[in-house]
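Novice: Look at Swiss-Prot and you will find SER25 tagged as active site, schiff-base intermediate with substrate, backed by sequence analysis. Residues or ranges marked as active site, proton donor by Swiss-Prot on the basis of sequence analysis: TYR58. Taken from Swiss-Prot, the feature substrate binding site covers THR57, GLY73, ALA74, ALA75. Taken from Swiss-Prot, the feature pyruvic acid (Ser) covers SER25, and the record attributes it to sequence analysis.
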Amino acid sequence: MQITVMKGKIHRATVTDADLNYEGSLTVDMDLVDAAGMRVYEKVSVVNINNGARFETYIIEGKRGSGEICLNGAAARLGMKGDKIIVITYAQVEENELPIDYIPKVVHVDENNRKR
């Protein structure tokens, strides 16, 4: 039987911009994408800590080292610059193939979205 598990998480990232007129997605600094084991165009769940909004979108490439976290398109209505968010990816795995000691990649960031 397959189960869905958390694969990676960027925890308490600060939204640096929100662009309503951009084609939908979430722009993320590639340093954070790599650190969390995520991929460009991968589906993500986003949780806005400030307002409780939860939504799904996909990642697009942000400039390395920029700390960029930008809500694009309709997602820009669900958060604003300065909000804290959690970005989560999931994977489906065979339950009997998941190691007992499995640990997803979790990236904690500072107020400038730099990996701690």
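Just so it is clear, glycine is given a Cβ too, placed from its N, Cα and C backbone atoms.
Map these features onto the structure and tell me what's around them.
Specialist: SER25 (active site, schiff-base intermediate with substrate) carries a strand DSSP state (E or B). Non-local neighbourhood of SER25 (active site, schiff-base intermediate with substrate): THR57, TYR58, ILE59, ILE60, ASN72, GLY73, ALA75, each in the same chain, at least six residues away, with C-beta under 8 Å from its C-beta.
Residue density at TYR58 (active site, proton donor): 14 other Cβ atoms are found within 10 A of its Cβ, drawing on all protein chains shown.
Within 10 Å of the C-beta atom of ALA74 (substrate binding site) sit 11 other C-beta atoms, taking all shown protein chains into account.
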Novice: Mind computing the max CA-CA distance among THR57, GLY73, ALA74, ALA75, which the record assigns to substrate binding, rounded to whole Å?
Specialist: 10
Novice: Which one is it: of the binding-site residues THR57, GLY73, ALA75, which Cβ has the fewest other Cβ atoms within 10 Å in this structure?
Specialist: GLY73
